[in-house]
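Listed features, source TrEMBL:
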- 5-267: domain 'Pyruvate carboxyltransferase' (DOMAIN)
- 14, 202, 204, 238: Mn(2+) binding site (BINDING)
- 392-517: region 'Regulatory domain' (REGION)
Ligand SMILES: CC(=O)SCCNC(=O)CCNC(=O)[C@H](O)C(C)(C)COP(=O)(O)OP(=O)(O)OC[C@H]1O[C@@H](n2cnc3c(N)ncnc32)[C@H](O)[C@@H]1OP(=O)(O)O
Ligand SMILES: CC(C)C(=O)C(=O)O
Ligand SMILES: [Mg+2]
């Protein structure tokens, strides 16, 4: 049996299912590019039938990404498979992933069918998907709770029908490692044609066992593993792919397995997913948490000073976290910024050096020393900006104290018009939000408002994340500034722009529909 493990990332599909605000196409493309660069073999880009937005993003990702194979999900029904094929067929090679539940509870209570009907739907869907591509993956949803006889039967028939990869998900994170590894061993012992397909696993983290279960399955012979960056996903999430990669790399001595991923891309990709998805990383999270490589107590610090590997089983550098020895201040030039960005894993094409340098100087003037997390936040914020944004914040002023209402005034560029407005409010942010609302003439229902500091100290960059609902969809805007009121205004303006773009798309669609009539 091969010792190569295929890495399948589903951050953009299963991961995205857990987000309050869906990602824009541009945001999904940024994540797909980072995954490609990390060496992920298969990227599950979405579930095209679920919405026109998902369809468009799968199509654009399939058109853009060349070094990872793009995959899309479909239920075991022809309409879903047609949508997946149409979204993917812009790429030379692609994978269709079709699934149906196999556990008694899902078959009876959810699908309201019997097992033989489900077997027929599964094999019919696989054969149909094979009309579009040789690379068809089939998943037995809720395999972890499926009677083993039924699971063996389903796997055997799926392979006969043409599935090249058969995925065994622990959909509700129910099994223990020995149990889940046992399921895979059983399949290898009992399914006669099993070696004609790659056996994959897809574990959820409801009991905190998703990574342990995935590893147990690899030990038992599975050779594809599915997961998401930072473990984001439905409910408690999916197996964290960065943890699996580092287990395979760090414990090669024990497992003897290889994967294509470049681990030095992990840190940057993890940060990007966290920022774009508005999902902060718990500080003690394995591999990518801020504390994952810091040592607090004297005995540990003494040990690390004497020999780093007394308490570090891997180095921060191995995941792309490179310690800085150069102070970045307003006296620094473009060369050092470029050098540091390269050390952090960014390529020249990831940023416009002049723009980044200009933002860096503005920040350095305000706070003195600029840290890595500041640089990364500036880059992230710049990447979010659009030159032709309909709404742009030109100026903002606030008067606030402890005794009175605050007064905020703003000057916005809206299209080619300059609009100025002022309002009072309950605190500076409220007054500015009211002034923006007056200037735009449009009310937006805010659902979530989070202020955080990017880095430590009272001069840290303030990061504001806002989520807001408009016509049943949730939008996410982020703002970044040393002034939290300005960061709050930027986040709201970003939402106005996202909604404006959505309105334009809707208007174009109804125009096209009218023309067709
Ligand atoms: C374990 C997982 O992560 S599965 C993936 C979950 N992801 C999503 O659900 C993506 C977002 N979902 C959607 O956009 C919508 O639910 C859609 C477009 C997929 C379907 O929407 P609707 O047609 O309105 O159906 P709805 O979601 O209410 O119900 C699901 C239907 O699909 C059926 N179904 C569920 N899974 C499957 C499957 N794998 N194959 C075939 N049918 C299925 C259900 O039995 C139900 O059918 P019913 O209407 O006959 O009872
Ligand atoms: C669609 C399948 C693979 C899934 O996400 C699950 O079972 O958790
Ligand atoms: Mg899942």
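Including glycine, each Cβ sits where the backbone N, Cα and C put it.
Within its own chain, residue 204 (Mn(2+) binding site) has 169, 170, 171, 172, 173, 210, 233, 234, 235, 236, 237, 238, 239 as residues 6 or more apart in sequence whose C-beta sits under 8 angstroms from its own. Of all the binding-site residues listed here (14, 202, 238), it is 14 whose C-beta has the fewest other C-beta atoms within 10 angstroms. Note on the region 'Regulatory domain' (392-517): its mean pLDDT in the predicted model is 89. According to DSSP, residue 202 (Mn(2+) binding site) is assigned to a strand segment. Neighbours of the Mn(2+) site: apart from 14, 202, 204, 238, residues of the same chain with C-beta atoms within 8 angstroms of the site's C-beta centroid are 10, 169, 171, 203, 205, 210, 226, 227, 228, 233, 234, 237, 239. According to DSSP, residue 238 (Mn(2+) binding site) sits within a strand segment.
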